[in-house]
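Peer 1: Pasting in a structure now, in structure tokens, and then I'll have a few things to ask.
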Amino acid sequence: MSNDTQPKIAIIGYGSQGRAHALNLRDSGFDVTVGLRAGGPTEAKAQADGFIVVAPSEAVKSADLVAILTPDMVQKKLYEEVIAPNMKQGACLLFAHGLNVHFDMIKPRADLDVVLVAPKGPGALVRREYEIGRGVPCIYAVYQDTSGKAEQFALTYAGGLGGARANIIKTTFKEETETDLFGEQAVLCGGASSLVQAGFEVLVEAGYQPEIAYYEVLHELKLIVDLFYEGGITRMLEFVSETAQYGDYVSGPRVIDAGTKARMKDVLTDIQNGTFTKNWVAEYDAGLPNYNKFKQADLEHPIEEVGKKLRAKMVWLNGQQQAAAAPANQQAA
């Protein structure tokens, strides 16, 4: 879009992603308003950043594009009660994750364009890369193209975030939602956490010191993941010893075997057919009893107390811990 036809944007939510999106878009020349609850946890932050902050119902009224950047589980009610009744005819509705739309929890008005733009990095990185003249890759999708310009809206928004400086890849709401959930559950969060805890337990139960076990299965994981991030699995293998490489080749498949892969497929099936989302909605509506139980169990796992003591002596982590003190999750509007 040319400068004189750039959409007026309303950002609903001001958590990690919301703040980065709002700041980058404003610095890219867009007219950005932030919609938040009066007295909400991030209202003062948005105001301190120089934004006009109004109620979400007001923010969306004159916006050409409304970006919903609040947690997944509040979006349905927010859309039905606040956004849908107030969005102007023919505007564009944008999501950073497709869960609610793909699984029909949000059914957008027929007159709206509906798109998705998701930077592939946390909000702090999205902002930092933009400020130094680079960008974080973005994926985008079009769910509903009423105006014939939905894709243009998505690409314009992604460009405003800095995504065009890096890479922009087209996807679908289905693909983004299902692969994102699978990655979180089977590998990045659920898979990695369970693997680390199991490895710690095996070593401690075999009589090794918990502190040594912590270093071997958790602390050093960052070194490996950083190499993955920089150049893939083969780069990691280039930087470890031949002994470690051989152990990778012969023991990795013993831990992650065909049975593990089959169970990963089961996880994917539950995501694809909506079982996971149905269960998650029911859990949330019930007040999170199992969620809280699982969370407490993780907090009480022996690796946490050991790690807390060891990290207290890692003085180089102090600045990182302070930066991480703010909630990583996006805040409700």
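Glycine residues also receive a Cβ, built from the backbone N, Cα and C atoms like all the rest.
Note that the coordinates shown come from a computational prediction; the quantities given were computed from them, not determined experimentally.
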Peer 1: For the NADP(+) site that Swiss-Prot describes with Tyr14, Gly15, Ser16, Gln17, Arg37, Thr42, Asp72, Met73, Val74, Gln75, which of these is also annotated: Gly123, Gly133, Gly135?
Peer 2: Gly123
Peer 1: Between Ser16 (NADP(+) binding site) and Glu220 (Mg(2+) 2 binding site), find the distance joining the two CA atoms and give it rounded to the nearest Å.
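Peer 2: Distance between the two Cα atoms comes out at 27 Å.
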Peer 1: Are there any residues in the same chain, six or more apart in sequence, whose C-beta is under 8 angstroms from the C-beta of His97 (active site), and if so which?
Peer 2: Asp72, Leu116, Ala118, Glu176, Thr177, Asp180
Peer 1: Give the distance between the Cα atoms of Gly123 (NADP(+) binding site) and Glu220 (Mg(2+) 2 binding site), rounded to the nearest whole Å.
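Peer 2: Just about 25 Å between their Cα atoms.
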Peer 1: List nothing but the one residue from Ser16, Asp72, Glu216 whose Cβ has the fewest other Cβ atoms within 10 Å; the candidates are the binding-site residues.
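Peer 2: Taking Ser16, Asp72, Glu216 as the binding-site residues, the minimal 10 Å Cβ count falls on Glu216.
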Peer 1: Measure from the Cα of Ser241 (substrate binding site) to the Cα of every one of the binding-site residues Tyr14, Arg37, Val74, then give the nearest.
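Peer 2: It is Tyr14, whose Cα lies nearest.
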Peer 1: Please give me the CB contact count at 10 A for Val74 (NADP(+) binding site), counting all chains in the structure.
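Peer 2: The answer is 17.
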